[in-house]
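What Swiss-Prot annotates here:
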type    : residues                                                        : note
BINDING : 140, 141, 142, 143, 144, 145, 146, 147, 148, 172, 193, 194, 200 : GMP binding site
BINDING : 140, 141, 200                                                   : Mg(2+) binding site
């Protein structure tokens, strides 16, 4: 990734252009059983880690000195959430501003194969009532059309939290987007189906360290 091809922006995160082709698979360490199912390494693990640390800095700057309930969206968000929370804790230990955190979990189901379903399923939504009056940081893996997050925020608003911020590792540029933007974005990416770093395709590829683009062979192989 060169300086000319990647545009840093606080609002949009790191913007990866449509013509970015990623890295060849053979220059990274990948599980052999996945190599034929992937098109490229799109975002290397080290870049993800560095970007996550910067997001943690931004969160400390904006909402330090608060007690935060971190709402991790499972399953895809768990790795980003784990790393983000760890970075925030490390920053908090060495800062005059202290963030105390508790982590809770919710599951959203909106995909079958690589197609977004019309109806959002919120699993664990009955527990949202305990977020009333709390400062909430929602941690998500990817914003696709924005409809999923908009629906979750609408549901959460019924319980009147004190504050809600959203951090998403990825935001996808899509013609079907409702233009929702999270408060903190890791990377803005083209309209490609990506896997790895806990993002899955029918529960496969979560164990990849890098974010990769799945190819058509992989989609057909693991289709349900």
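Cβ from N, Cα, C; glycine included.
Just so you know, of the binding-site residues 140, 141, 200, the Cβ with the fewest other Cβ atoms around it within 10 Å is the one at 200. In this entry, 140, 141, 142, 143, 144, 145, 146, 147, 148, 172, 193, 194, 200 make up the residues listed for GMP, with the farthest two CA atoms of the set 19 Å from each other. A gap of 10 Å separates the Cα atoms of residue 141 (Mg(2+) binding site) and residue 200 (GMP binding site).
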